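What Swiss-Prot lists as region 'Disordered' is 1-24. Taken from Swiss-Prot, the feature compositional bias 'Low complexity' covers 9-24. Per Swiss-Prot, the feature S-adenosyl-L-methionine binding site maps to His252, Asp290, Leu291, Asn379.
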Amino acid sequence: MEEAATLQSLSISSSSPFPNNSSPVVTAANTISTSESDMFRAPVNRMMRTLDRSFFKKTVPLSAATIFDKQSIGSIKSELLQSQDLLLANRIIPVRAAREGPLENVTDHWYGRKDGKQDGRKCLLLREGIKADDVTTWSPTIQKLVEAKSVEVRPFNLLLDYDYFTYTHFNLREQYLPYKYLLGEILRDKHPQARTVINKTDDVGSHSEFRTFSYEVLAGEDDMLVTVHEQDCEYSFDYSKVYWNTRLATEHERMVSRFKKGEAVCDVMAGVGPFSIPAGKKQVFVWANDLNPYGYECLERGAAKNKVREFVKAHNMNGRDFIRFATERLYQGNPRTVVHRTKVPKAERENSPIRQRKPKAFDTEYLTCPRTFDHFVMNLPATAIEFLDAFRGLYAGMQELFEPYTDRKLPLIHVYCFSTNSEDEALERKDICERISERLGFKITPEDEGRELEIRSVRLVSPTKKMFCASFRLPAEVAFKKA
């Protein structure tokens, strides 16, 4: 995971391999523009089981173009960049302070050395393969600059150490399990904000209806209490007891953007509230539910922490039962009105022609919750489609609440699901529509624009599986169906 300053733990899953023929001990994310150079790869010791940071030291022999007139450094750098002679390596700055000393002893750390004498001149690191003592390795551009006495090519040793080598996101396969504790230490080193590194020992939800997982601690404390920030909201929970996936942050934001102030939303499988709580901040009335008792507790605490309790009401029920329960209670209950006060900006108060405004004026808005839902959100991809039969006859005998009798439309349903990862998107859409139709008892097809149908790919879960979101208007034939 990549929750740099928020989620205080890191996890490793076990579905995808490291790059072929590489050791997990030495995998690095640094890339060289000219090629994937072995010179910049980390040293390899496949026998290492306990992390030895001192082992990861390496001297890379390069060359540097020392510039005689530092006023011309910009133009010379541009020339070398255009001729592809400049070293372009991730995290390494090519502009260095030139140093006095024997030609063979000009050395600097990858991050730039802070000790030693400097003569005020600068040098530019040159790409791998250019040798100071071999003119045949020089490009025409370098030869021209040397002949013009603009630069001097000198040897330059670049020191790499443990701090230089970073890592790419990886999944831990069985053949790398002997390295798991060593990898845990490396991950903690490379993510200073991380308190704990874990390895998932089974698939999410394989042993729990609450989409949790078993894990082992690879480094740090066995403490899974985390704090996450998303969409200006704060969530605190035990990561081992609820489902959370930061990679869905964009999807959370996209869905919440569909909700409008004053609308009513039924979040059937709400979790800790990544849809519900940001919606509450938008002054959307949310009936939020989660089957997990601990998830429900976190949802309630999150609503209080983010000051949206007036708009977000948490429940702990089975999702199918909740669809009917929430619909009935919303219709039969007394209309809920929230008085929302917004502070008038100082500039607006001062510029207002109405001088009767007090120094600290507030605008007051009254928001009344509708008696029917505008949206149903069902975020349980593995099984959410199976709950769609709860919408059969949901508004039976209540036609007068909707168009054409009023300006209210039947609700939009947003159901998340998995499907196979196919090169033919039409097959994916057809499969999802068939599954939805079976549970609704009403045929929906990919071409059914009248239902405001949208089937959108959310993310690739594995090489063979995708996550989708299907949104459609609840058909009147389903909503008003009599038993």
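Note that Cβ sites are derived from N, Cα and C of the backbone, with glycine treated the same way.
Shown here: features listed in Swiss-Prot, placed on the structure.
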{"residue": "His252", "record": "S-adenosyl-L-methionine binding site", "DSSP class": "helix"}
{"residue": "Asp290", "record": "S-adenosyl-L-methionine binding site", "DSSP class": "coil"}
{"residue": "Asn379", "record": "S-adenosyl-L-methionine binding site", "DSSP class": "coil"}
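Once the Cα atoms of His252, Asp290, Leu291, Asn379, the listed binders of S-adenosyl-L-methionine, are compared pairwise, the greatest separation found is 20 Å. Under 8 Å, Cβ to Cβ, and six or more positions away along its own chain, Leu291 (S-adenosyl-L-methionine binding site) finds Glu209, Phe210, Met269, Asn316, Met317, Asn318, Gly319. Taking the Cβ of His252 (S-adenosyl-L-methionine binding site) as reference, residues of its chain lying under 8 Å away and at least six apart in sequence are, in sequence order, Glu230, Gln231, Pro274, Phe275, Pro278.
Shown are the binding-site residues Asp290, Asn379; of these, the residue with the fewest other Cβ atoms within 10 Å is Asn379.
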